[in-house]
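Swiss-Prot annotations:
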type: COMPBIAS; residues: 1-12; note: compositional bias 'Acidic residues'
type: REGION; residues: 1-62; note: region 'Disordered'
type: COMPBIAS; residues: 30-62; note: compositional bias 'Acidic residues'
type: BINDING; residues: 96-103, 143-147, 205-208; note: GTP 1 binding site
type: DOMAIN; residues: 263-436; note: domain 'EngA-type G 2'
type: BINDING; residues: 269-276, 316-320, 381-384; note: GTP 2 binding site
type: DOMAIN; residues: 437-519; note: domain 'KH-like'
Amino acid sequence: MDVEGAFADEEELAPHGGWASKDFDPSEFGYDDDFAPDDSDEDEDDDDYEFDEDDFAAPDFGEDYTEEEWEELERSLGIERREHLEESLCTVAIVGRPNVGKSTLVNRFIGRREAVVEDFPGVTRDRISYLSDWGGQRFWVQDTGGWDPNVKGIHASIAHQAELAMASADVIVFVVDTKVGITETDAVMARKLKRADVPVILVANKFDSDSQWADMAEFYALGLGDPFPVSAQHGRGGADVLDKILESFPEEPRAKSIVEGPRRVALVGKPNVGKSSLLNKFAGEERSVVDNVAGTTVDPVDSIIQLDQKMWKFIDTAGLRKKVKTATGHEFYASLRTRSVIDSAEVCVLLIDSSEPITEQDQRVLAMITDAGKALVVAFNKWDLMDEDRRWELDRELDLQLAHIPWAKRINISAKTGRALQRLEPAMIEALENWDRRVSTGQLNNWLREAIAANPPPMRGGRLPRVLFATQASTRPPVIVLFTTGFLEAGYRRYLERKFRERFGFNGTPIRIAVRVRERRGKGGKKQ
């Protein structure tokens, strides 16, 4: 068999570059994103890797090693484990009518721009929780859409979300507009808040100059105590409000909140593919505003949800627009944050509309997930709309457009009817178990000997590269590092990945296979 020719004609199906995994630094092992040989001078740390190529090339290499010896080598490569923490945190809900500056205030409280801010009402449509830290105390800050008692349609749903936030918070911050004064909606909301069984803090926002002190007097008529003059845009007065929030928190929150414990799931896909409907089906409540208009969800919406087997932290994203560069304003920031959501997630559920052809948008989101090295489950939603002709077309699309991810679990669901939703959790658990999984160095090198014996590496530059040794450098995603005497072609790395999956499985997670070229040393330890 002409191994070199067979691999030379093979197309590149899946990128192995794009080191988006934050736990892995390719430069630590002397190779770059394209797996090029390391021609740089070795530093002092390379003294730990003085390999005798003749020993490593022996057929029985490593067979007499104990697991302790393998583990010692792995520790020298800096493999780390990440712990998951649990803690109970209080929640403060930021409420008020539309366009009084709630999201700007949230960004001040959390010290970063996460809540979408635009100078027109209705940008925030869901209630979204952000983690904040003030004076050494951590707590949740919950942003809400604008509340209005007389609205209909999607705006009524937004108002309902604000009411749900008020019902679950430990402290409520009621935001009014100093420049506008008290409106009828403010008065109605104040009467509602006076009946709340938790502390309410009145914040008069847009207090931009001392000349507005006279305007503060009217807010006492709301009956909610002294108003705090604040300019969220300029950062004025926010510290006093945060101090008051901490002072008002109860000793124990209403409900236990888990910060690091649940595994993080990103629900991603193009707009109107059913992400919010799926989240609501899992949560059993109206957690995310749903409407037939594409792009209803603007902010990422986090929900802690108990499914059959585990607690999960679901993140419902805004969906990617056709081209980020053509998006404007709040949609531009929401699209950028979708990328950030993928980076911060552990497993991504990619929702694809099964009733429509797979689009370039679907492919682009998929590429973002695999480049980020995240565990993956592909869910084909709206299966209740499928007919036989469309199923035949979809089978052809899968063969052509998703052939590079045969390792990803595919599930046909309907968020509307609940079809097959019970299959999603086992698929996510399996994907995460493999994403976290590490193969012992002994098992890895036993497999490697067999794979190379069956198909040796192709010639390169008239020389046959020799694979000396392999180790799994990290997890999340699994990264296999091969120490060799020469560069390995991309086709041969794909062959090794296929053989690796045949032996060890690893369904649901991408695998990185990297090459560390060991230069031959002459007498005196100098490179040749």
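Glycine is no exception: its Cβ is also placed from the backbone N, Cα and C atoms.
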Tell me, roughly as an integer, the mean pLDDT over the domain 'KH-like' (437-519).
91
Could you work out which of the binding-site residues (Gly96, Gly269) has its C-beta surrounded by the smallest number of other C-beta atoms within 10 A?
Gly96
Let's see if you can do this one: DSSP helix, strand and coil counts over the domain 'KH-like' (437-519), in that order.
29 helix, 22 strand, 32 coil
For the binding-site residues listed here, Thr144, Asn272, which shows the highest count of neighbouring CB atoms within 10 A?
Thr144
Of the binding-site residues listed here (Gly269, Asn272, Lys275), which is spatially closest to Thr144 (GTP 1 binding site) when Cα positions are compared?
Lys275
Number of Cβ atoms other than its own within 10 Å, given for Asn99 (GTP 1 binding site)
17
Distance check, please: Cα of Gly269 (GTP 2 binding site) against Cα of Asn99 (GTP 1 binding site), rounded to an integer number of angstrom.
29
Expressed in Å to no decimal places, the gap between the Cα atoms of Asn99 (GTP 1 binding site) and Lys275 (GTP 2 binding site) is 26
Can you tell me whether DSSP puts Gly96 (GTP 1 binding site) in helix, strand or coil?
coil
